[in-house]
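Participant: Questions regarding the structure given below will be posed in turn.
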Amino acid sequence: MAAESKENVLVGVIGGSGLYHLDNLTFVKHVNPETPWGFPSSPITICSLPSGTLVAFLARHGPGHIISPSSVPSRANIAALKSLGVRTILAFSAVGSLREEIPPGDFALPTQIIDRTKGIRPASFFDGLSVVAHAAFGDPFSMGLVRWLEGRVKKALEEEGRGVKLHTDKCIVCMEGPQFSTRAESNMYRMWGGDLINMSVLPEAKLAREAELGYALIATATDYDSWRPHEGAVTAAEVFKVLQANANTSRHVAATILEEMHAAAAEGGILTEEIGSMKFSIMPRSEKQKDEDRQKLAYILPEYFS
Ligand SMILES: CSC[C@H]1O[C@H](OP(=O)(O)O)[C@H](O)[C@@H]1O
Ligand SMILES: Nc1ncnc2[nH]cnc12
């Protein structure tokens, strides 16, 4: 039986800026599934926890950070993880803070998203196909997973002992980039109720929902964006200064919680709450739907299209 067989790899980890590997886990192998939406950002690393439990790790921008946020092949990334048997995804992202009380270095588990991408990223597996679907997205993160993570991530951060605080119930703005926001935009997002900002959570979260995968984001603050009147606006150099420390803490959090996350995903329940969620989101079967489109969709949703 292949090491990454569907029974074994239940949890996927997506690493963002600064988090290009989980080298505190044991490397098992690389896999590079070709999906109907192309290849993922990079070959996926199958890593082993001390117990032998396997997890899948994918670097969103590729190792060496060669893919800009608007060009991340998110459909291939989510489809590839699903093809390995992954049921739930823990994603990490470097984010700007729109709130004084979330300083660079702190972590957050957002529960809401404001979409400020510009429609140039393919955001649905159903785009351009003869099958139409409308996934529910009122709660863009898997709330069972988010609540499950809260206490465990907090404990892992306390155990690490660097004083990293976890903020909960925050709203993240996802902008197109790659340039950072203007001061006017940064202030507008604060007025809208945004607490954090990145360039990556969409369409990743939407696609995970369409593929019936659990999805939560650990947002790791790197800067105060551009809203503070007497401070300079964010620069990449400022972000880079914090990335390494945040990545080390992210690896510690992952190593601490992944074993239990795998066990909970194996049991079913709240970590797999998205399974079945697309059942009534897809327009009923019709002779007008093309077989080739249904076959493509069977890659991510075999229950409905095989
Ligand atoms: C390197 S600063 C901007 C860049 O960082 C974040 O990446 P990720 O979410 O993958 O950690 C942000 O979304 C931007 O893509
Ligand atoms: N200020 C910021 N805006 C958008 N994405 C970011 N990633 C890290 N910091 C960011």
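Residue numbering: from 1, along the chain as shown.
Even glycines carry a Cβ here, placed using N, Cα and C.
Since we're looking at a predicted model, the values are computed, not measured.
Residues annotated as phosphate binding site in TrEMBL: Ser17, Arg60, His61, Ser93, Ala94, Ser200. Taken from TrEMBL, the feature substrate binding site covers Met199, Asp223, Tyr224, Asp225. Summarising the annotation, TrEMBL assigns domain 'Nucleoside phosphorylase' to 11-258. The site 'Important for substrate specificity' annotation in TrEMBL covers Ser181, Ala236.
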Participant: Consider only the binding-site residues Ser17, Ala94, Met199, Asp223, Tyr224, Asp225: which of them have a Cβ under 6 Å from an atom of ligand 2? Write none if no residue does.
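Facilitator: Cβ < 6 Å from ligand 2, in sequence order: Ala94, Met199, Asp223, Asp225.
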Participant: Considering only the recorded positions Ala94, Ser181, Tyr224, which possess a Cβ situated under 6 angstroms from at least one atom of ligand 1?
Facilitator: Ala94
Participant: About how far apart, in whole Å, are the alpha carbons (Cα) of Ser17 (phosphate binding site) and Asp223 (substrate binding site)?
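Facilitator: Spelling it out, the Cα of Ser17 (phosphate binding site) and the Cα of Asp223 (substrate binding site) are 13 Å apart.
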Participant: State which of the following binding-site residues has the fewest other Cβ atoms within 10 Å around its Cβ: Asp223, Asp225.
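Facilitator: Counting other Cβ atoms within 10 Å of each of the binding-site residues Asp223, Asp225, the minimum falls on Asp223.
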Participant: Within 8 Å of the Cβ centre of Ser17, Arg60, His61, Ser93, Ala94, Ser200, which other residues of the chain have their Cβ, at the recorded phosphate site?
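Facilitator: Going along the sequence, the neighbours appear as Gly15, Gly16, Gly18, Leu19, Pro69, Phe92, Asn198, Met199.
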Participant: Using a 10 Å radius around its CB, how many other CB atoms surround Ala94 (phosphate binding site)?
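Facilitator: So the Cβ neighbour count for Ala94 (phosphate binding site) comes to 24.
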Participant: For the binding-site residues listed here (Arg60, His61), tell me which residue's CB has the most neighbouring CB atoms inside 10 Å.
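Facilitator: Ranked by Cβ atoms within 10 Å, first place goes to Arg60.
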Participant: Counting Cβ atoms within 10 Å across all protein chains shown, which of the recorded positions Ser17, Ser93, Ser181 comes out on top?
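Facilitator: Top count of Cβ atoms within 10 Å goes to Ser93.
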Participant: Starting from the Cβ of Ser200 (phosphate binding site), draw a 10 Å sphere and report how many other Cβ atoms land inside it.
Facilitator: 28
Participant: Have a look at the binding-site residues His61, Ser93, Ala94 and say which one has the shortest Cα distance to Tyr224 (substrate binding site).
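Facilitator: Checking each of His61, Ser93, Ala94 against Tyr224 (substrate binding site), the shortest Cα distance is to Ala94.
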Participant: Which has the fewest other CB atoms in a 10 Å radius around its CB: Met199, Ala236, the listed recorded positions?
Facilitator: Ala236
